[in-house]
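Listed in TrEMBL for this protein:
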type     : residues : note
ACT_SITE : CYS81    : active site, for GATase activity
ACT_SITE : HIS190   : active site, for GATase activity
ACT_SITE : GLU192   : active site, for GATase activity
ACT_SITE : ASP239   : active site
ACT_SITE : ASP397   : active site
DOMAIN   : 6-206    : domain 'Glutamine amidotransferase'
Amino acid sequence: AHRITFLDYGAGNIRSLRNALLAVGCEIKDVESAQDIADARILIFPGVGSFGLCMDNLTKKGYVEPLKAYLASGRSFFGICLGMQTLFEGSEESPGVAGLGVIPGIVSKFNDPSVSIPHMGWNSLRILTDSSTLSDFKSLEHRFYFVHSFRALPTPQNKDWVLSLTDYGSDANTFISSVERGPITAAQFHPEKSGANGLRLLSAFLRRATLAALAAAVALSPPPAGRTVLAKRIIACLDVRENDAGDFVVTKGDQYDVREKAEGGEVRNLGKPVELAQSYSEQGADEISFLNITSFRGDVVDSPMLRILELTSRQVFVPLCIGGGIRGYTDSRGAAHSALDVAAAYFRSGADKVSIASDAVAAAEEYLAAGRRAGGGSSIEQISAVYGRQAVVISLDPKRVYVESRDATRHTVLPLPDGRLCWWQCTVKGGRETRDLDVFAMAEACEALGAGELMVNCIDMDGQNSGYDTALLAHLKTIVSIPVIASSGAGCPQHFVDVFQQTGADAALAAGMFHRREWTIAQVKETVAAAGIPCRGVV
């Protein structure tokens, strides 16, 4: 077994990386003191959230100087995402906060308005130096999962560190996707969320580290032809609900109604959550999204969804998102818990992102009522401040309101493909209540408050199998810079092609067509790829 030391400074979802390391045969020792860093032989350092918070936690725990000493000692190190960024001198995300200063340069924010930020999804590597860590991944068909708003740029001062580059938007945005020098390796992407490729990469690093094959990579190799391209994501969604027998099952609604049509109909049972999630991951799903649609009650620490996430993260090595009940509450003992507390419990159980719905509507209303000023207390602001923008997904649940003319309402009115006019009204409580707020105003407000992604569920299209609401999605992409996930309405692979080509959506999500086994994820990807749209294959 590979004996590694694991540095958890209090980041988000480190359970997934822990499970990935166990899957490739590691024995794990957690860092509990500065001495544990000094005694380590192979140190793994994951990072999620903000640069400043990470460095602050390292400083408070007394880990900064021992970590610098370790990096100078010639022993093996693997940093992931923020664990790579902290190796640089600093970051624009947290001005004035010093990094570890091992690699020259300041991490900066993506500044290309033509692309969605965060850079979220599956992209490739242009490998510049020979390395046993990446020797199996020289083809641009090999993709890894990225999620970040800040990046390190290659410069003459850090060129000796650069192992690979990745392209996103203009040439000026080409960034360092991995570094390696002697025994130090780090990646901007997440191996633990990159499926089979990620597990193979971790195994290659561990073989290299365990065998002490620590010579620096020096021989330049020709980079792969062409540029790397961010793939469109295909997401499987699992609506999870407690049925009448008390079991948690995957179900699917028709315009949010999950019961069979017959009188007294039971909750539709389309399978077990963990088994379906594993199956979809093996089929090539780029992400798995759980939506807990059981009424929120009791304490989050006792929620069966935590156990579902824990079990899923042991077997599924792609990103996991969880929605439902992400808000403050008072438990059975009278103790108050914030939305941040709830999100933290989900992150510790294996989630990478949380999806906020009704609470986000309230936050947007407050923001707009205050003259577009953020107060700092919303669930969006609390969670993104600690775990980063990329950890917060807003679930938009709009419903069409048809009008005779654009002057009939103060809200944004658009024509549908059939010529009718409508605006999209925000809803709460699973679509049961409406608000005098249009979806575009809400989207802009949530982005300003710190959201990192939008999941757009048009209630009118839900369960209809007639395609996504392309008019809604196409306009939304013109007013926000964060990634947009198309949801509700998919009934066949061509619908994915249509939504990518007609709207520019960053990802597309489906549920029923997969659960009913009408189409597989592989069939969707084959159709998308045949249309010339980049997507991740199962390599």
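Cβ from N, Cα, C; glycine included.
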Quick check for the class: what is the C-alpha distance, in angstrom and rounded, between CYS81 (active site, for GATase activity) and ASP397 (active site)?
31
Measuring CA to CA, name the entry from the active-site residues HIS190, GLU192, ASP397 that ends up nearest ASP239 (active site).
ASP397
GLU192 (active site, for GATase activity) and ASP397 (active site), distance between Cα atoms, whole Å:
31
Taking 10 A as the limit, how many CB atoms besides its own sit near the CB of ASP397 (active site)?
26
